[in-house]
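In what follows, a single structure is set out as structure tokens and then discussed.
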Amino acid sequence: MNLRALAAKAIFDVLEKGVSLSVALPEQQKHLASGKDKALLAELCYGVMRTLPQIEKRTAECLAKPLKGKQRIIHQLLIVGCYQLYFTRIPSHAAISETAEACRQLKFEGMVKVVNGVLRNIQRQLTPLSNESETLSYNTPGWLIKRLKTAYPGNWQEIIQQSHERPPMWLRNNRLSQSRDEYLAALDKLEIDASAGLSDDAILLAAPKDVATLPLFLEGAASVQDGAAQWAATLLAPQANELILDACAAPGGKSCHLLELEPSIKLIAVDFDAKRLERVQQNLDRLSLKAEVIHGDAANIDSWWQGEQFDRILLDAPCSATGVIRRHPDIKWLRKNHDIEELAELQRQILDHCWKWLKPGGTLLYATCSILPQENRDQISAFLARTADAKLDTLVQQASSQDIGWQITPGQHNMDGFYYARLLKATH
């Protein structure tokens, strides 16, 4: 099937059915043989998600009436066409003819003239895209802009801008295979430009690469993991032979990093999502690491764990993922304002429950890939107020010792947006 038709189908699944792009895109990429075509399909889908309000408005201006019902797929096809005309180097005639052909392949023969007409109209007048509202100016939903303005009055615009940048590719060196310097030297030998990141195992690539081209990647010499996420294992600081729980473990990057740091630990990796849990096992297998992988609910540990309390717990809590919009731009359209309070309540339940399963004297690291205070600073502040045996351990990375935890904003040191708070349980 024509590449533009596949793009329209993936975007339809995201915007009309609420499927995440990380699921919808690979589903359509299966139909393409060449890596080049798969990359173009990804560029079209991600590009549309980044610029959706502006290109939807521009497309609507050239339509006599909105497309509804079964014709929504053609609406998605038109915005794919509009994106090509404004944001890619694809020659206009090719973009238009290929998009019209996609309309045929989607079995809407009667709409081909409409698609042709709308796209030719746009091409004739490539006027600047509308910025008459903040949603249009920033290609971001109004509710999220409002929350960011409140949380970051001095730099909310920069945070939004960083969230639209194309994300860099980070690697985590597997210290059980080689030192970071040795892996950097191996990359250099292959003329792959890379530099050391802030945390001990982090490597930042100057340009994204296919993992199959990286030295000994498939044999477990390194993993793909953003620089911000790599702090989790370092901050939890596993010690020899400890019993450690990774409470929301999928897809398993942090579990694997914990085992790389301290192979003698007994690690229990748990997740509520059975499908994503398969990825945890795949990652462990590639890196030749061992953990007990359990399908279970971190808010109901009693139902799947009859062992003793844990020495350390990593709680990478379910969250809005507002810190990783640059990697997952569909989050802007899948998340809704009311989700934030619902997520904060879920986080509260999981945090309180995990705390009961932490040994006296133990450490719990609370983490999210959110940049919203309701899920981070406010969440931990409320937890400390209601939990007598909990104490916040100041992290050296914090901007100030008065801060509650460490908030990383998108693009800071080239990292994703992330939050960490390290909590210590009293010994008495």
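Placement of Cβ uses the backbone N, Cα and C atoms for every residue, glycine included.
For the S-adenosyl-L-methionine site, Swiss-Prot lists C248, A249, A250, P251, G252, G253, K254, D271, D297; matching the candidates D226, D311, D316 against that entry yields D316. Across the residues annotated as binding S-adenosyl-L-methionine (C248, A249, A250, P251, G252, G253, K254, D271, D297, D316), the two Cα atoms farthest apart lie 19 Å from each other.
According to its DSSP assignment, C369 (active site, nucleophile) is coil.
For A250 (S-adenosyl-L-methionine binding site), applying a Cβ distance below 8 Å and a minimum sequence separation of six or more within one chain yields D271, D273, R276, L277, R279, V280. Taking every protein chain shown into account, C248, C369 are the recorded positions, and of these the Cβ with the most other Cβ atoms within 10 Å belongs to C369. Under the three-state DSSP scheme, K254 (S-adenosyl-L-methionine binding site) falls in the helix class.
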